[in-house]
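Let me begin by presenting the structure, written as structure tokens, before commenting on it.
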Amino acid sequence: MKLSVSVLLFLSLFVSFLFTIRADTKSTDSCSSNEAVSSLVPFYSSTFHCLSAWSSQSFVLRYARTDTNKWSYVLSAPDTNAYVGIGFSHDGDMEESSAMVGWFDSSSKGVIKQYYLGDMESSACPPDQGNLTLVKNSTLIAMHSSTIYLAFEVITDQPTPYLIYAVGHPGDLPSSNYYLDEHHDRATAKFDANSGIINGADSSSGFTKARKHSLLVILGWGLLIPIGAMVARYFKSHDHPHWFYGHVSIQMVGFALGLAGIVIGFDLDSSGVDRYDTHKALGIVVLVLGCLQAMALLARPVSTNKLRKYWNVLHHNIGRLAIGFGIANIFVGLSIADEKKSWYIAYGVCLGAWVVAAAWLETRYRMKSGD
């Protein structure tokens with residue numbers, strides 16, 4: 001019964017964790033509210049099409065064919081103290097495409113420029129270059145209610161069939177030479193300008209590989225493994241082996257999820273990422289400790305064996321080290337990823353609940369031991 005209560009507590013905390021993450025993605029602009037864009041963009045009119053371009057980053061795109069060979073665009077996105085951009089691609093790849101990128105610098109001055117995207121290197125994406133033929137004096141960047149608006153007009157008979165969206169790392173703005181650092185997140189969408197149908201933006205970047213890595217590691221190393229350790233310490237009974245099976249099952253699932261997250265993590269692009277080596281080293285340490293725990297299960301002496309007490313000391317302390325390093329590395333990883341505060345708050349709440357529960361159970365455990 002006590003074990004069931006613990007499982008229910010974990011499930012409720014994890015559901016709260018997911019909802020808290022999603023709560024921070026509300027749009028600051030929408031197609032039903034056009035007053036701001038009407039007052040900010042001179043060439044905007046009610047004939048513009050409007051669509052949710054990239055829902056996970058709250059990008060909204062308004063566009064229209066305003067002349068035989070002229071297309072007008074207005075892209076809006078939440079201000080995260082980072083650059084935002086929209087690229088035009090013939091094949092869906094970022095390489096050899098052109099993009100319009102804008103941001104507000106530290107002095108609140110707006111900057112909007114065209115870029116040629118040669119490849120993933122910053123030096124291969126020069127500013128003020130590209131294949132877009134812009135209408136003279138049509139580019140504009142504005143801010144309203146913490147929303148950035150990029151507006152521009154392009155001379156072309158038909159827009160490219162793919163759009164690329166990107167957002168930079170919060171607080172990492174381009175320097176005076178205007179070269180861009182690697183994006184924090186991006187998405188590619190197939191786009192039919194005539195019908196206004198857009199497909200695929202969220203499938204390519206709504207839940208990125210980095211976030212899959214984060215969620216798997218948090219669920220495995222950061223939540224299940226600590227709960228499994230709690231089961232072994234506080235629900236142990238010599239009369240019934242249920243605690244042992246519960247402990248082993250939870251730890252095996254937690255280890256599998258954490259291992260899957262680490263495998264994904266090794267495949268992530270680490271170029272230009274601060275503290276990546278520290279995060280990777282801690283991850284390897286946690287993985288090694290976890291493997292030792294798994295192998296220890298196979299070498300577990302029977303309770304009457306003289307070596308059992310030494311095995312217990314090693315098993316318990318290696319487990320504590322794995323949990324400590326795992327939790328620390330989760331926060332290192334979240335800081336590297338520049339995740340929103342909701343991730344810190346959600347995991348902090350779950351971790352805090354575990355600490356409070358462990359403290360209460362430890363107090364009861366020691367009081368019973370003293371009787």
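Cβ coordinates come from backbone N, Cα and C, glycine included.
Listed in TrEMBL:
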| type | residues | note |
| --- | --- | --- |
| SIGNAL | 1-23 | signal peptide |
| DOMAIN | 57-168 | domain 'DOMON' |
| DOMAIN | 174-370 | domain 'Cytochrome b561' |
| TRANSMEM | 213-232 | transmembrane segment |
| BINDING | H213, H247, H279, H315 | heme b binding site |
| TRANSMEM | 244-266 | transmembrane segment |
| TRANSMEM | 278-298 | transmembrane segment |
| TRANSMEM | 318-337 | transmembrane segment |
| TRANSMEM | 343-361 | transmembrane segment |
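Structure with TrEMBL features highlighted.
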residue: H213; record: heme b binding site; Cβ neighbours (10 Å): 22
residue: H247; record: heme b binding site; Cβ neighbours (10 Å): 20
residue: H279; record: heme b binding site; Cβ neighbours (10 Å): 20
residue: H315; record: heme b binding site; Cβ neighbours (10 Å): 17
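Residues 3, 209, 212-217, 219-221, 223-225, 227-229, 231-232, 235-236, 280, 283, 286-287, 290, 293-294, 297, 326 of the same chain sit 6 or more residues outside the transmembrane segment (244-266) yet have a Cβ under 8 Å from a Cβ within it. In the domain 'DOMON' (57-168), the DSSP tally of helix, strand and coil residues is 4 helix, 62 strand, 46 coil. The full span of the recorded heme b binding residues, H213, H247, H279, H315, taken as their largest Cα to Cα distance, is 28 Å.
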